[in-house]
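Residues or ranges marked as domain 'G-protein coupled receptors family 1 profile' by TrEMBL: 20-260. Annotated transmembrane segment per TrEMBL: 6-31, 38-65, 71-95, 116-138, 158-177, 209-228, 240-262, in sequence order.
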Amino acid sequence: LALNPWDVVLCVSGTIISCENAVVVVVIFYTPAFRAPMFLLIGSLATADLLAGLGLILHFASVYFVPSEAVSLLTVGLLVTSFTASVCSLLTITIDRYLSLYNALTYYSERTVTRTYIMLVLTWGASICYGLLPVMGWNCLKEPPACSVVRPLTKNHLIILSASFFAVFAAMLQLYVQICRIVCRHAHQIAVQRHFLASSHYVTTRKGIATLAVILGTFASCWLPFAVYCLLGDYTYPALYTYATLLPATYNSMINPVIYAFRNQEIQKVLWAVCCGCFSSTLPFRSRSPSDV
């Protein structure tokens with residue numbers, strides 16, 4: 001079988017994704033201080049992206065080293081589960097950020113922890129169900145005309161996944177609009193109370209809006225091309241189109257650790273401590289609110 005350069009690029013991307021997110025998972029898992037809801041959600045996102053990276057590597061192995069229908073179904077099931085969990089984890093992080101601003105006085109309570117676990121169970125439960133569908137028989141291995149642009153997923157299955165993505169994207173967009181309004185209102189109130197200059201209020205507001213725009217813009221630019229193509233394309237389209245739209249979607253899992261984990265000051269402290277050889281799982285932390293965007 002001739003080596004496809006696109007498969008090589010996806011495999012390399014999967015390796016980078018796995019390494020990045022493995023660092024985040026290990027740091028959060030082995031640091032008892034990282035048990036706050038914010039870190040649990042970041043850990044869920046990193047776990048999903050780690051599995052996505054491993055799925056891309058497994059895809060390369062299943063095509064060139066262990067070509068079989070069973071391995072192909074397991075690979076696509078893992079990829080569907082991990083990417084679905086990644087997108088849903090981004091939604092849960094957005095919900096958590098919104099609630100931390102909207103209910104700031106009651107955010108640090110037992111109720112928040114319970115809500116976080118419920119969101120995690122729903123996220124991974126739905127993702128696993130989506131991923132099991134091809135393995136349980138909803139595939140096009142016996143009916144090639146029913147195939148989508150991602151074989152062996154059926155066209156109907158991919159339409160459901162794409163529709164779910166657009167629903168998640170719409171929810172995130174609405175939540176970030178609300179977050180932007182709250183941030184602007186809070187910045188204005190602080191400026192008035194502390195008699196700051198109007199320019200200071202403008203700079204603070206612009207910085208918050210710019211950060212939110214980067215977060216949402218990165219997510220949209222990575223996933224929208226693939227989601228739209230899944231709705232419009234079918235199995236007769238050239239595989240080049242699938243690769244060209246899927247590759248940017250994988251980059252979202254590569255960028256997520258930078259946006260949601262490595263920018264966090266507490267995680268930065270642990271990483272610097274590890275690099276300096278003075279790591280201690282009992283290091284004191286001042287947990288910041290997840291609304292710090």
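Backbone N, Cα and C define each Cβ position, glycine as well.
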If I count Cβ-Cβ pairs under 8 A between the transmembrane segment (158-177) and each of 6-31, 38-65, 71-95, 240-262, which range comes out on top? 71-95
Do the transmembrane segment (116-138) and the transmembrane segment (71-95) come close, with at least three CB pairs under 8 A (pairs 6 or more apart in sequence)? yes
